[in-house]
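Novice: After the structure tokens below, expect a handful of questions from me.
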Amino acid sequence: MSPLTKTQALDRHALVMAIWLALGLVAVMLFDYGSDGGGWIATLSAFGAVLAAFIGHIIVNAVYDTGFSRRELALGLVIYAGALVACGLAALLVPGFGARNFLPLSLGFGGLFAAVVFYMITHFGVRRSFEAFDVIGDFGTDGPDRNSRQERR
Amino acid sequence: MTTPFLILSGLFFAYAVYIATRCARSFGRPEDFLDGAREIPSWATIFAGTGVVVAGLGLPDHILLTSLYGLQYSHVAVGLVLVGLCGALVQKRIWLAARITGLGTIGDLMGEYFGSVALRLYLLAILFLFTIPFAAYGLGEIGQLVEAATGGSLRAGLVIWVTAFFLFLYAVIGGWRAVVYVVAGQSFLVLTLILFTGGFAGITFDGLALFTKGIATPAGILADQIPGVIQFTDGIGKQLPTGGLWTTVAILSFALSLIGIVLSPGFGFLGITSQTRKGFAFEQVWMTGGIAAGALLLIAPVIAAEIAAAAPAGLAGTPAAFAGLVARLGSMDQLLGIGLLMLLVAALQIGIAFFASSGASIVTIELVARYVLPELSPAGRKLAARIALAAIFAAIALTASFAPLSATVFSSLALSLAAQLLPAFLGLCWLPWVSRSAVLAGLVIGIIIVVFTEPFGLILFEGLFLDLPWGRWPLTIHSAGWGLVFNVAACLLVSLFTRGGEERDHRQRLHDEFEAGQRAEPGGRAIRTARWSLTLIWAFLALGPGAILGNSFFSRPIFTGGNVALGMPSLLVWQIFFWLIGVLILWWLAYRGRLSVIDALPQHRLALGSPRSPLQRLPTPGWIARWLGRVAER
């Protein structure tokens, strides 16, 4: 994985934006339609569009020989968490929303999470994927243990 | 619907300005503003090129004409394979010629190769036709579409100026590279939305009108049949063709006009500024010939049938006809209606931003930096390009607002006149015996014939002198077809007498460079002959007179003696069948025939200017120097 030149980084960024622009809009439309009464197929299709964009992003990463940038990871996590909270609040506050959408939303969010985990395991391996989230293991490891862990990585 | 549409449009413009700002920050050199350092990535060329082809055809117009004429017009979409073929013939060699000679625009290449100022000026005239009237026509259409879809709450005039301002804003911030990025992103959006809209309608609508009732065309027009090989009518405005306008020769000649998109200076500039070595073939075969043609063939009739079923009679064929379908989708969910509107608006914005921005860059390189202010510094050129952008967008918005009829009349000339450049492009890319005199003679005749078979010439002549016995597109032959027949004939005739001499040696140098750097085509003469014979047979059956067989070939096969219930019109099956074969042939030519595959980067530098070329003797033509002198000295 060699560092990208300034031009390549911009090319990659613009391509990623183009993919999310198009598929994101389709996902928003389907999600809105699904939550308004379009049914679970529309909601699941919305998650399918997000998944397609995610796969497109991974393909772009493979073409440019890069991974997800820190900003992309942060943005993805914030949007995912925000969407979860928003759906939770809507289920609590909007009458009938939870009854109509709980199952497809759960499946969708769960599916996205599974896709991310699958990608991480196939891309990094089980051990490195687990260590990426192993916050507890980092507590109190300022000494030699932490250094040896870093070396292992 | 107005508020969510404004929010989504605002988000799109924020995205465009963001991309432009990133480009401006990443590329500090002023030269990059004009041509993106000639390193536009392959993916951007692939998507932007396809989007510009669809914008050149005009997606809303294509759907509206399909709703008005049915499948006989929709057949034109097969012509996108011809567009891909034309791209395969010229794009690679134009790119190589630009790299070999170091020249940056089609005008420069043509001017230096043929040693002709007239050709250079003609290309500038074509550039202006695309840059102002063609773009203004699209901008006016956006205004009408949005006004109709929002029930008049957003006035067309306001929409026109706001859209022009935001398109200008991101172009002026980021330059050519940003425009190509955004256009590529929009092209992907258009592709996604058209597939989504068609698929969504197919799944949710209670029986698609196309398959239940067909396309509800006005009385007297055959909705699912081509009305003949040719009709001996005087032309539009003089005599109505029976059964509809789109005979097989109308379809073929219209498809020929579409190659004008590929031959336009802006499209050439996109190719020249690309860093691509593999992108051309992919764009021509899979994107233009494959996905774009397929989407228009399969999905546009579905949308058109729904529009025709819902549109009030008086609005059929006008942008306001879309309002019915937008409202129908909006009644299911607001965002779905807005999605359709965004699809149409984005398809038009691609053309406006692309032609305006390429126009500004080319004008700066070819006119300002070459003739008007040759001593201009790179920073000065960037400023000049920005001023050109401002002037062009102002002209586009003014024309769209206050002279929409002029925009329509002049834009109708753009594709046909650009298509007249075919002999010049073939000469530059393949045929060194095509001389300057031959190209110019053909062009003069082609221009005259195009002008007098389009509204501009007819209105002008009939307004000043007397009525002509023919109207627009006489004998159902498109003006591009009329022009090209006489243009090519004149070009061949003059070439017979002027094919040798010193000029030929000058032109031959470039062709020697072409041959030196590229691997020989595999398969030899027999394969080459077979390939081109097959292409001609395909063109005859898919777009030419043979397409008339499609009317009943699949529903009333001659060997069975009975009718076959296909569930869809025979013509649609014929279109799909020949579209697939066309893509296969295109693939064969572009990849296996090496028409679009660049084997090695050109190493040589060739100073193309001929010693006898007036361009070499006099960098600034006398009349421009004198004019400038008069202006500057006062």
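Indices start at 1 and increase along the chain as displayed.
Glycine too: its Cβ is placed from the backbone N, Cα and C atoms.
All annotation found in TrEMBL is predicted automatically rather than curated by experts.
Copying in the features that TrEMBL gives for the protein in this structure:
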{"type": "TRANSMEM", "residues": "B:6-28", "note": "transmembrane segment"}
{"type": "TRANSMEM", "residues": "B:40-59", "note": "transmembrane segment"}
{"type": "TRANSMEM", "residues": "B:71-90", "note": "transmembrane segment"}
{"type": "TRANSMEM", "residues": "B:179-203", "note": "transmembrane segment"}
{"type": "TRANSMEM", "residues": "B:249-273", "note": "transmembrane segment"}
{"type": "TRANSMEM", "residues": "B:285-315", "note": "transmembrane segment"}
{"type": "TRANSMEM", "residues": "B:335-363", "note": "transmembrane segment"}
{"type": "TRANSMEM", "residues": "B:383-403", "note": "transmembrane segment"}
{"type": "TRANSMEM", "residues": "B:409-431", "note": "transmembrane segment"}
{"type": "TRANSMEM", "residues": "B:480-498", "note": "transmembrane segment"}
{"type": "TRANSMEM", "residues": "B:535-559", "note": "transmembrane segment"}
{"type": "TRANSMEM", "residues": "B:571-591", "note": "transmembrane segment"}
Novice: Excluding the flanking five residues on each side, which residues at least 6 beyond the ends of the transmembrane segment (B:480-498) place their CB within less than 8 Å of a CB in that stretch?
Specialist: 249, 252-254, 256-257, 260, 415-417, 419-420, 422-423, 433-435, 437-439, 441-443, 445-447, 449-450, 453, 473-474
Novice: Cβ under 8 Å, sequence separation of at least 6 from the ends of the transmembrane segment (B:6-28): give me the contacting residues as numbers and ranges.
Specialist: 36-37, 154, 166, 169-171, 173-175, 177-178, 181-182, 185, 338, 342, 345-346
Novice: Pairs of Cβ atoms less than 8 Å apart decide it: which stretch in B:40-59, B:409-431, B:571-591 has the most with the transmembrane segment (B:71-90)?
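Specialist: The stretch with the most close Cβ contacts to the transmembrane segment (B:71-90) is B:571-591.
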Novice: So which residues does the transmembrane segment (B:571-591) touch in its own chain, when a touch means Cβ under 8 Å and the partner is 6 or more beyond its ends?
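Specialist: Cβ under 8 Å, 6 or more out: 71-72, 74-75, 77-78, 81, 84-85, 88, 224-226, 280-281, 284-286, 289-290, 293-294, 297-298, 301, 531, 534-535, 538, 541-542, 547, 549-551, 553-554, 597.
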Novice: Determine which residues of the chain contact the transmembrane segment (B:409-431) at the Cβ level, with the cut-off under 8 Å and only residues 6 or more beyond its ends counted.
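Specialist: Tertiary neighbours of the transmembrane segment (B:409-431) are 56, 86, 89-90, 93-94, 97, 109-110, 113-114, 119, 122-123, 125-126, 129-130, 132-134, 136-137, 256-261, 263-264, 438-439, 442-443, 446-447, 450-451, 454-456, 459, 478-480, 483-484, 487-488, 491, 507, 510-511, 514.
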Novice: Counting only residues 6+ away from its ends, which parts of the chain sit with a Cβ under 8 Å from the transmembrane segment (B:335-363)?
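Specialist: Same-chain residues near the transmembrane segment (B:335-363) but 6 or more away: 1, 4-5, 8-9, 12, 34-35, 48, 51-52, 54-56, 58-60, 105, 107, 124, 127-128, 130-132, 134-135, 138-139, 141-142, 145-146, 149, 163-164, 167-168, 170-171, 175-176, 179, 182-183, 186-187, 189-190, 193-194, 196-197, 200, 264-267, 269-270, 322, 325-329, 385-386, 388-389, 392-393, 396.
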